[in-house]
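Data block below; observations after.
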Amino acid sequence: MAAPEAWRARSCWFCEVAAATTMEATSREAAPAKSSASGPNAPPALFELCGRAVSAHMGVLESGVWALPGPILQSILPLLNIYYLERIEETALKKGLSTQAIWRRLWDELMKTRPSSLESVTCWRAKFMEAFFSHVLRGTIDVSSDRRLCDQRFSPLLHSSRHVRQLTICNMLQGATELVAEPNRRVLETLASSLHTLKFRHLLFSDVAAQQSLRQLLHQLIHHGAVSQVSLYSWPVPESALFILILTMSAGFWQPGPGGPPCRLCGEASRGRAPSRDEGSLLLGSRRPRRDAAERCAAALMASRRKSEAKQMPRAAPAARVTRRSTQESLTAGGTDLKRELHPPATSHEAPGTKRSPSAPAATSSASSSTSSYKRAPASSAPQPKPLKRFKRAAGKKGARTRQGPGAESEDLYDFVFIVAGEKEDGEEMEIGEVACGALDGSDPSCLGLPALEASQRFRSISTLELFTVPLSTEAALTLCRLLSSWVSLESLTLSFNGLGSNIFRLLDSLRALSGQAGCRLRALHLSDLFSPLPILELTRAIVRALPLLRVLSIRVDHPSQRDNPGVPGNAGPPSHIIGDEEIPENCLEQLEMGFPRGAQPAPLLCSVLKASGSLQQLSLDSATFASPQDFGLVLQTLKEYNLALKRLSFHDMNLADCQSEVLFLLQNLTLQEITFSFCRLFEKRPAQFLPEMVAAMKGNSTLKGLRLPGNRLGNAGLLALADVFSEDSSSSLCQLDISSNCIKPDGLLEFAKRLERWGRGAFGHLRLFQNWLDQDAVTAREAIRRLRATCHVVSDSWDSSQAFADYVSTM
């Protein structure tokens with residue numbers, strides 16, 4: 001005991017000395033007038049002065065501070081800057097101290113934003129450090145403006161990087177260049193191991209240097225890192241080259257930029273293990289031709305971008321219309337030099353001492369001999385997609401320009417990212433910059449000297465891809481579809497409001513091809529759009545047929561189907577193999593969510609999907625309309641007979657006022673555990689007769705655990721009727737009840753609470769009361785909630801009921 005006592009004495013002596021020194025310095029600067037110790041201008045307390053002195057000299061005293069007793073350390077923690085506060089976290093936990101309140105206060109004072117009410121923050125330290133990293137990277141915070149953020153001994157980016165799980169890149173790729181710079185090499189290495197999600201928001205057009213930095217960043221974070229999810233948000237006018245770069249890198253393809261330093265990690269990996277030819281063919285899809293059209297198209301873009309970046313000048317939009325024959329002749333004339341440009345020596349992008357893998361020469365030779373193989377390939381060896389619409393020249397480029405010289409072909413190649421397939425004769429004109437999915441005459445485009453992606457290196461790829469409000473042009477949609485066909489590592493795909501149009505058929509074909517790949521992991525698909533060329537139920541049937549191993553399917557179409565005009569070339573309607581009438585095979589769906597447009601839906605089509613989904617556990621129908629209550633009853637009967645594993649059923653924004661017998665049928669189902677009727681107008685007709693029948697059905701159901709009734713105009717009378725579900729003679733095991741937005745007043749809620757107390761059923765779980773009229777009598781509402789909290793967990797809000805005036809008038 002002598003040692004701890006001695007240390008405690010020394011620590012107290014140190015505190016007194018530091019405090020005395022600080023007070024002496026303070027007294028010299030202070031006014032000579034004395035102030036009361038309790039006044040507003042009183043000097044800081046002794047312990048606070050001591051803490052300030054200690055925090056100012058943490059570089060020397062850090063180890064000693066860590067050894068301080070818990071009570072002393074607890075007073076010093078709020079005075080530390082963020083770097084030492086982060087470093088002392090483990091020691092504080094061992095002493096039974098928590099820093100969460102300090103980090104929360106730092107968030108409120110420095111970040112000055114309020115987290116979303118839907119967000120549950122489990123660690124304020126990690127949240128603060130992640131946000132701090134992003135602000136420093138973008139230059140939106142000045143670390144010198146606050147002593148808690150400034151310390152010359154620490155790098156803000158490096159110190160906070162290990163807490164970053166999600167990184168957002170915005171606008172003109174701000175931050176990408178800084179992260180790949182040599183001074184931040186350790187920062188990038190730390191991010192590669194900590195970062196899981198990479199997001200792009202509101203991207204704008206960027207220069208060549210920024211895109212080259214992005215290429216290196218994606219290579220490090222995805223190919224050599226732990227990033228498993230890439231999400232793109234709100235990109236109204238996507239830049240095709242940048243979008244396809246992000247896609248191809250996310251899919252695992254890599255071609256280093258010209259003149260860039262060799263990748264050290266690539267060199268280490270190649271020395272450790274060389275990929276086999278079998279592995280490469282598996283990743284690229286062994287069931288498809290070795291030179292898949294999409295891979296060739298994406299490789300064309302990547303190769304041409306490398307050529308453009310080597311010249312460090314922006315792409316010039318073509319202004320000449322050339323014939324197919326002149327295009328082929330010009331490209332063939334410069335084929336030898338072009339191949340040399342597109343295939344730089346290995347030393348330009350491999351680490352010194354790296355041995356070439358056995359598969360590398362084969363891949364290179366296959367690409368370099370593409371011209372001769374094209375001549376031998378039959379015209380039917382590649383699929384023949386329909387011609388796609390042309391794109392206009394870039395603004396500001398007028399007149400025709402004849403390109404000559406050995407470098408002219410490569411400038412044209414930038415715009416020949418995709419070559420229109422299926423044109424008739426050599427004399428037809430095509431505009432450079434036109435996009436398509438095949439080669440000339442639908443054959444191999446290697447006659448243009450473009451390498452297949454087999455010549456690119458293949459690395460790890462992401463497992464989750466999300467595109468929110470990113471309109472997909474034809475070439476972008478085509479590239480996505482063809483990459484998807486071999487993206488076996490992809491587990492979840494979200495396409496939300498991308499304007500796919502008729503490209504949905506290509507998407508279905510690519511998903512079908514992906515499903516046939518060995519090792520396909522796609523288990524979740526979320527698809528939503530304003531319009532669809534297929535009715536939503538036909539689209540659902542097609543997806544389920546294409547992906548029988550899918551577990552989660554969420555599909556939503558906001559407006560009725562508008563089939564494309566058959567008179568327009570390329571829009572001749574859906575292929576027969578997509579909308580076939582054959583029976584849907586058994587699938588593995590466990591969760592199905594459907595959002596319907598206006599108009600009655602054919603119940604037999606929905607029933608056919610449900611019959612094939614015997615493993616379905618959760619079904620959600622949003623805005624579904626049926627021709628008659630009998631059709632709705634047919635759907636419910638199908639659920640009872642074929643979906644025995646169904647546990648959760650949800651209906652939202654559906655008029656079920658005339659389907660009361662069907663609702664009672666559901667409440668008597670002894671397999672369902674949770675039912676949701678959200679804004680379904682349940683009690684609009686015959687409430688006096690229907691409510692007792694509904695309560696009786698629920699009292700006899702012992703398996704139902706949750707009932708959600710938001711937005712059904714339940715009112716006080718309906719709430720008091722529901723209270724009978726918890727009476728002594730009830731066998732109900734209901735433990736979650738949602739009665740939000742139901743015109744409930746404080747007096748009705750108080751009577752409901754008293755009935756629960758009288759029956760003494762004990763705590764039954766959660767009660768949600770959002771957006772009810774509880775502000776009309778705040779005292780009564782507080783008393784009701786106090787009583788309810790003795791019975792259940794109550795979740796409510798302070799809502800202005802005057803917003804519900806229209807709803808009130810409708811119930812008068």
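Including glycine, each Cβ sits where the backbone N, Cα and C put it.
Swiss-Prot assigns the feature region 'Interaction with Elongin BC complex' to residues 45-54, out of the candidate ranges 45-54, 75-84. Taking Cβ pairs closer than 8 Å, the repeat 'LRR 6' (701-728) reaches residues 650, 667-684, 687, 691-692, 695, 734-745, 747-749, 751-752, 755-756, 759, 761, 764, 768, 770, 807, 810-811 in its own chain, all 6 or more past its ends. Taking the Cβ of S155 (phosphoserine) as reference, residues of its chain lying under 8 Å away and at least six apart in sequence are, in sequence order, V187. In terms of DSSP secondary structure, the repeat 'LRR 2' (518-530) contains 0 helix, 6 strand, 7 coil. A mean pLDDT of 73 is what the model gives for the region 'Interaction with Elongin BC complex' (45-54).
Residues 674, 676, 679, 698-720, 722-723, 725, 764-774, 776-778, 780-781, 783-785, 787-788, 804, 807-808, 811 of the same chain lie 6 or more positions beyond the ends of the repeat 'LRR 7' (731-752) yet place their CB under 8 Å from a CB of it.
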